[in-house]
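Asks: Dumping what Swiss-Prot says about this protein:
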type     : residues                                                : note
BINDING  : Phe21, Ala55, Phe56, Glu57, Cys79, Val80, Ile81, Phe111 : 5-amino-6-(D-ribitylamino)uracil binding site
BINDING  : Ala84, Thr85, Arg125                                    : (2S)-2-hydroxy-3-oxobutyl phosphate binding site
ACT_SITE : His87                                                   : active site, proton donor
Amino acid sequence: MNYSAKLTGEGLKIAVVTSRFNHFITDRLTEGAIDTLERHGVVKEDIDIFLVPGAFELPFVASKLAQKKKYDAVITLGCVIRGATTHYDYVCNEAAKGIAKAGEYGTPVIFGVVTTESIEQAIERAGTKAGNKGGEAAISAIEMANLNKMMDEL
């Protein structure tokens with residue numbers, strides 16, 4: 001048997017956790033996510049936005065929200081651009097691990113953190129050549145929220 005979730009957001013409650021660091025990118029990712037959620041039937045009143053200082057703080061809030069079981073999915077959005085030090089590697093790795101761990105609470109937690117080598121690459125992923133990764137994360141959230149509900153009924 002194959003199971004595939006529908007891509008309709010009607011009736012879903014979604015949390016979006018966004019890093020303020022590199023806000024010129026993360027603002028666009030958030031706009032892309034909200035636009036995509038609304039286009040797929042999630043009403044504005046069912047979308048809650050939580051702002052955190054940076055990508056490193058995303059897992060903490062995502063975990064708290066996932067544990068509450070108030071949301072059908074949690075989307076994490078951030079942007080980490082490589083600099084001249086190893087800080088990039090630590091932030092990317094720990095954010096990814098923490099976000100993945102947040103999904104262990106039974107609520108889908110979506111990784112929408114853009115990690116790039118340059119500002120130009122980040123801009124491309126926030127709505128130009130490479131699409132909007134916030135919108136892509138929203139699609140994943142809708143699909144995973146619906147798939148999670150399907151699995152609960154098995």
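Placement of Cβ uses the backbone N, Cα and C atoms for every residue, glycine included.
Describe each of these features in terms of where it is and what it packs against.
Replies: Under the three-state DSSP scheme, Phe21 (5-amino-6-(D-ribitylamino)uracil binding site) falls in the coil class.
Cβ contacts within 10 Å of Arg125 ((2S)-2-hydroxy-3-oxobutyl phosphate binding site), excluding its own Cβ and spanning all protein chains shown: 23. DSSP gives Arg125 ((2S)-2-hydroxy-3-oxobutyl phosphate binding site) a helix state.
For His87 (active site, proton donor), the count of additional Cβ atoms within 10 Å of its Cβ stands at 12 [all protein chains shown].
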Asks: Among the binding-site residues Ala55, Ala84, which residue has the largest number of other Cβ atoms within 10 Å of its own Cβ?
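Replies: Answer by Cβ density within 10 Å: Ala55.
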Asks: Within 10 Å of each Cβ, count the other Cβ atoms, then let me know which of the binding-site residues Cys79, Val80, Ile81 comes out lowest.
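Replies: Across Cys79, Val80, Ile81, these binding-site residues, the one with fewest Cβ atoms within 10 Å is Ile81.
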Asks: Here's one to test understanding: among the recorded positions Ala84, His87, Arg125, whose C-alpha is closest in space to the C-alpha of Phe56 (5-amino-6-(D-ribitylamino)uracil binding site)?
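Replies: Looking at Cα distances from Phe56 (5-amino-6-(D-ribitylamino)uracil binding site), the smallest one goes to His87.
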Asks: Let me check the 10 A CB neighbour count of Glu57 (5-amino-6-(D-ribitylamino)uracil binding site). How many other CB atoms are there?
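Replies: Result for Glu57 (5-amino-6-(D-ribitylamino)uracil binding site): 18 other Cβ atoms within 10 Å.
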